[in-house]
């Protein structure tokens, strides 16, 4: 069969899994008065359709910001408005001001699920296919396998089609941006990433690698020649993109500031709910939120985030390469997730996207990370009654990855991209030849722990005095895994001596 035929089969399989998951429950189903993210997305459609633009982000009698107030950038609001027009055409009751609050029906659920699928088909899935086809030095079969594994990644499917969100939009735009700048379509790549950033502010997790990669390109071209011209063109593209997205909100200074305040609610504290990052895990032993003033918490969070991502960003600026860019995206996004302020459990998807992009380069570690990332959201998925689809999609993903990228056949020092690091260590410890075995043991320990915690969470009730015991354990175990991955990816980046050979010549 032609590769395009196989790719069509892959897409159809991915769509089938997505739609099957969408038949299950969603966030806040039948749980008044606040319901959940499903109601939040519906409510934003109600607000954007019935209120003028200037009232979208302000508290009023018609727009109670305490009830799922709009807190995403303008592009999300425009998307909500577009969906609202379609909803009003089908059934005005779905988006009627005030009276539609908490609206639930099978017809409305079908509509909402369809809007997610449409966004996926228009933005995310085409980007995945084009990215896989653009991969160099791998066979067509491996490109198809890569597309299959990426489209079967359970974390994104369960959150968008189960819990209910539109993460595929921002992640899709970000992937188009990665494609653009990796193929030297720098202006298109910059535009795509600006769209991602104006859809979800959490795309800031990816912003520094984009900036450093493009800046490094400008340096390589020479700031006195083509480099300065490229820098100016990119800057103009970014400014123009933001102006177009924010234009309705720039008529008054207070209006723009209110949008910014809604996007970055520092008053909420270091973290919300149970999230697998450093601050939530540390909170088990040391109540940082109670001990330190909020401005000190923000300062500490900023310092740790900045210091953890600085080495990779410096190397990417000095040695810009498509490979280095992909790995730095992983490292920086993971640094933000572990150390930054106001992290949500679903933000791990921002790390998972670039990990999917290096799946063909380090299949063992990528598959392991993607499994842990899905496991880290288990408390949320159980809350939404998504246990069965979680187990099935994880198994399907694991089978696909194990079939096309055999797990333990990809754990040599070369395949883990740790050869340079191991050689450096052996200069001081000649007997250091067991690194692959260590990695395999850590993987098995991680998987066994995840399976045990999943079984315990489902079969046992936590002690009355410790109602969040299993959720905290899941977050803590996931955090330990993520710290290990952060160290691993930084080692790969800093000890990579192949950038010069892998880097395309920048004229």
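Glycine is no exception: its Cβ is also placed from the backbone N, Cα and C atoms.
The shown structure was predicted, so the numbers you read here are calculated from the model rather than taken from an experiment.
Residue 59 (N-linked glycosylation site) carries neither a helix nor a strand DSSP state and counts as coil. Over all protein chains present, the Cβ of residue 59 (N-linked glycosylation site) has 13 other Cβ atoms lying within 10 Å. Per Swiss-Prot, N-linked glycosylation site is recorded for 59.
As annotated by Swiss-Prot, topological domain 'Lumenal' applies to 24-114 (among others).
What Swiss-Prot records for 136-143 (among others) is topological domain 'Cytoplasmic'. In the predicted model, residues of the topological domain 'Cytoplasmic' (136-143) average a pLDDT of 90.
Here Swiss-Prot flags 165-172 (among others) as topological domain 'Lumenal'. Outside the topological domain 'Lumenal' (165-172), and at least 6 residues removed from its termini, the chain residues within Cβ reach (under 8 Å) are 37, 41, 76, 79, 115-116, 119-120, 123-127, 156, 159, 196, 199-200, 202-203, 346, 349-350, 353.
The annotation topological domain 'Cytoplasmic' is assigned in Swiss-Prot to 194-229 (among others). If one looks beyond the topological domain 'Cytoplasmic' (194-229) by at least 6 residues along the same chain, the residues whose Cβ comes under 8 Å of a Cβ in the stretch are 72-76, 79, 167, 169-174, 177, 181, 186, 237-238, 241-242, 245-246, 263-264, 309, 312-314, 316-320, 324-325, 328-329, 332-333, 336-337, 340, 347, 350-351, 354, 506-507.
Per Swiss-Prot, topological domain 'Lumenal' is recorded for 251-297 (among others), and the stated evidence type is a curator's inference. For the topological domain 'Lumenal' (251-297), the DSSP-based tally of helix, strand and coil residues reads 27 helix, 1 strand, 19 coil.
Annotated topological domain 'Cytoplasmic' per Swiss-Prot: 319-332 (among others), in sequence order, evidence recorded as a curator's inference. Cβ atoms under 8 Å from those of the topological domain 'Cytoplasmic' (319-332) belong to residues 178, 181-182, 205-206, 208-209, 212-213, 216-217, 219-220, 309, 312-313, 351, 353-355, 357-358, 361, 486, 489-490, 492-493, 496, 498-500, 502-504, 506 of the same chain, restricted to positions at least 6 beyond its ends.
A Cβ distance under 8 Å defines the sequence-distant neighbours of the topological domain 'Lumenal' (354-361), meaning residues of its chain 6+ beyond its ends; these are 131, 135, 138, 142, 146, 149-150, 153, 175, 178, 206, 323, 326-327, 329-330, 333, 367, 369-370, 373, 401, 405, 417. Annotation comment: Swiss-Prot describes 354-361 (among others) as topological domain 'Lumenal'.
When Cβ-Cβ distances below 8 Å are used as the criterion, the topological domain 'Lumenal' (407-437) is approached by residues 361-365, 367, 401, 491-492, 495-497 of the same chain, each at least six residues removed from its ends. The topological domain 'Lumenal' feature in Swiss-Prot is assigned to 407-437 (among others).
With a cut-off of 8 Å between Cβ atoms, the residues of this chain six or more beyond the topological domain 'Cytoplasmic' (459-468) that come close are 274. Taken from Swiss-Prot, the feature topological domain 'Cytoplasmic' applies to 459-468 (among others), supported by a curator's inference.
Look at Swiss-Prot and you will find 490-507 (among others) tagged as topological domain 'Lumenal', backed by a curator's inference.
Taken from Swiss-Prot, the feature transmembrane segment covers 3-23 (among others).
The transmembrane segment annotation in Swiss-Prot covers 115-135 (among others), and the record cites sequence analysis as its basis. Counting only same-chain residues 6+ beyond the ends of the transmembrane segment (115-135), those with a CB under 8 A from a CB of the stretch are 7, 11, 14-15, 18-19, 22, 79, 83, 86, 142-144, 146-147, 150-151, 160-161, 164, 166, 168-169, 171-173, 175-176, 178-179, 182-183, 357, 360.
The transmembrane segment annotation in Swiss-Prot covers 144-164 (among others), and the record cites sequence analysis as its basis.
Marked as transmembrane segment by Swiss-Prot: 173-193 (among others). For the transmembrane segment (173-193), the list of distant contacts is 123-124, 127-128, 130-131, 134, 199, 203, 206-207, 210, 213-214, 217, 230, 233-234, 237-238, 241, 322, 325-326, 329, 353-354, 357, 504, 506: same-chain residues at least six beyond its ends, Cβ to Cβ under 8 Å.
Feature annotation from Swiss-Prot assigns transmembrane segment to 230-250 (among others). Long-range contacts of the transmembrane segment (230-250) within the same chain: residues 53-54, 57, 73-75, 186-187, 190-191, 194-195, 198, 214-215, 217-218, 221, 223, 256, 259, each at least 6 residues beyond the stretch ends and with a Cβ under 8 Å from a Cβ of the stretch.
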When counting Cβ pairs under 8 Å to the transmembrane segment (386-406), the leader among 3-23, 144-164, 333-353, 438-458, 469-489: 144-164
Segment proximity, the transmembrane segment (362-382) to the transmembrane segment (469-489), 3 or more C-beta pairs under 8 Å: yes
Result, the transmembrane segment (362-382) in contact with the transmembrane segment (144-164) (3+ CB pairs under 8 Å): yes
Positions whose Cβ lies under 8 angstroms from the topological domain 'Cytoplasmic' (136-143), at least six residues beyond its ends: 3, 360, 404
Counts by DSSP class (helix H/G/I, strand E/B, coil) across the topological domain 'Cytoplasmic' (319-332): 11 helix, 0 strand, 3 coil
